[in-house]
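Chemist: The structure that follows is given in the form of structure tokens.
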């Protein structure tokens with residue numbers, strides 16, 4: 001997590017990108033292979049007149065998730081949804097990432113003995129079947145990948161004391177996600193996390209956003225009126241990349257402060273550890289869009305500090321949920337490294353990475369390195385790879401370690417590969433070529449003048 005005093009608009013974590021073929025939020029991919037989920041049962045009809053348990057804040061109940069499975073969930077908050085005229089409860093599924101927290105109707109909670117008994121009986125049957133299956137051990141690496149894919153939340157006991165304290169403080173501040181969904185462009189999107197929209201905007205169950213200027217509104221009527229008045233059809237700033245229907249705009253946070261602040265508030269709905277939103281001037285934003293006759297529709301973005309003391313080439317990165325698993329996340333990652341190459345520097349995303357961010361970055365780094373190792377003939381060092389790719393040596397070492405392609409020998413890391421091993425990895429869907437790649441010929445960009453002066457002095 002970024003330090004509280006940091007002047008960062010989006011500097012807390014890198015998140016919200018799902019690699020192609022990787023599960024999105026809520027999808028369950030087990031290490032053991034697909035199996036019937038525990039607690040999956042159609043809700044039985046309670047007996048007539050059967051009393052219900054009163055829902056109390058802070059208590060734990062069985063709750064039916066959108067995939068029809070039942071899980072223990074803590075009730076965090078309640079509200080009356082004025083837009084839909086009903087009482088709702090905000091629940092956190094015990095042991096799951098807070099991304100899956102949601103507002104639910106009362107009828108999704110097991111509040112009668114009939115419903116609780118039916119769910120319990122089904123769970124016991126599942127556990128009995130599971131116990132009869134042969135035991136299968138998983139490696140530490142498999143467990144890590146399983147936890148990342150399935151959004152398994154780390155317990156405080158698994159964190160170091162400093163991280164645990166910061167995590168508890170962050171969770172207390174952002175515990176309740178009031179904005180449950182947004183409407184932007186042609187999409188209605190479920191929010192994943194709390195975002196600090198100002199005043200009563202932040203307490204609305206649903207917000208409407210203009211996809212061009214990113215103005216947010218409480219009411220559909222206001223939104224429809226705005227669409228008829230708004231003159232924007234693309235992000236502000238300068239278009240620096242165009243190929244086919246893919247376009248990227250460079251937006252300076254100092255020149256377009258309101259737009260960038262609105263972008264940060266939008267992004268926070270899908271990023272957990274993003275702590276600062278309004279001091280956007282130290283950042284440059286790169287907005288990825290899909291272009292058609294109506295205009296340039298925002299797909300995602302990444303931001304970077306104008307001057308990063310830690311050598312980060314990305315402060316925050318996000319692909320909006322409707323566009324995930326289509327190659328845009330890796331395109332944004334690749335684009336950030338193309339800028340680093342033009343600056344003649346190496347860079348790395350700001351840490352910590354989210355679970356989805358780790359998967360996408362590791363997949364991208366692996367593909368880039370495997371492509372070079374497949375075609376290269378001769379001696380190649382980790383420093384050489386770093387200069388060729390603008391990926392830091394630490395990121396290269398950790399990636400090669402995950403591929404079993406590096407050994408520590410006589411005080412240094414040595415690349416140890418065979419053509420067969422490289423080809424085997426490249427056949428894996430995890431390391432296949434991204435569906436959308438950056439064409440450097442179409443990139444019209446040069447480093448800022450003050451950076452060009454520094455480069456000329458090197």
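Along the chain as shown, residues are numbered 1 onward.
Glycine residues also receive a Cβ, built from the backbone N, Cα and C atoms like all the rest.
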Chemist: Between 42, 195, which does Swiss-Prot record as phosphoserine?
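Modeler: Among 42, 195, the one Swiss-Prot marks as phosphoserine is 42.
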Chemist: Any idea which of 207-232, 233-258, 259-284 is down as zinc finger in Swiss-Prot?
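Modeler: Going through 207-232, 233-258, 259-284 one by one, Swiss-Prot flags 207-232 as zinc finger.
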Chemist: Among 363, 402, 440, which residue does Swiss-Prot name as a further acetyl-CoA binder in the site formed by 317, 319, 325, 326, 327, 329, 330, 354, 408, 432?
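Modeler: Acetyl-CoA site check in Swiss-Prot: besides 317, 319, 325, 326, 327, 329, 330, 354, 408, 432, the record includes 363 out of 363, 402, 440.
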Chemist: Quick one: which of 37, 308 has phosphoserine in Swiss-Prot?
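Modeler: Per Swiss-Prot, the residue annotated as phosphoserine is 37.
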Chemist: Labelled motif 'Nuclear localization signal' by Swiss-Prot, one stretch among 130-139, 140-149, 150-159. Can you tell me which?
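Modeler: Among 130-139, 140-149, 150-159, the range Swiss-Prot annotates as motif 'Nuclear localization signal' is 140-149.
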Chemist: Here the binding-site residues are 210, 213, 230; which one has the lowest number of other Cβ atoms no more than 10 Å from its Cβ?
Modeler: 230
Chemist: Could you count the residues of the domain 'Tudor-knot' (55-110) that DSSP puts in helix, in strand and in coil?
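Modeler: DSSP composition of the domain 'Tudor-knot' (55-110): 6 helix, 31 strand, 19 coil.
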Chemist: Taking only same-chain residues 6+ apart in sequence, whose CB is under 8 Å from that of residue 348 (phosphoserine), what do you get?
Modeler: 311, 312, 313, 314, 391, 392, 394, 395
Chemist: Tell me the Cβ neighbour count for residue 226 (Zn(2+) binding site), meaning other Cβ atoms within 10 Å of its Cβ, over all protein chains shown.
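Modeler: That number is 15.
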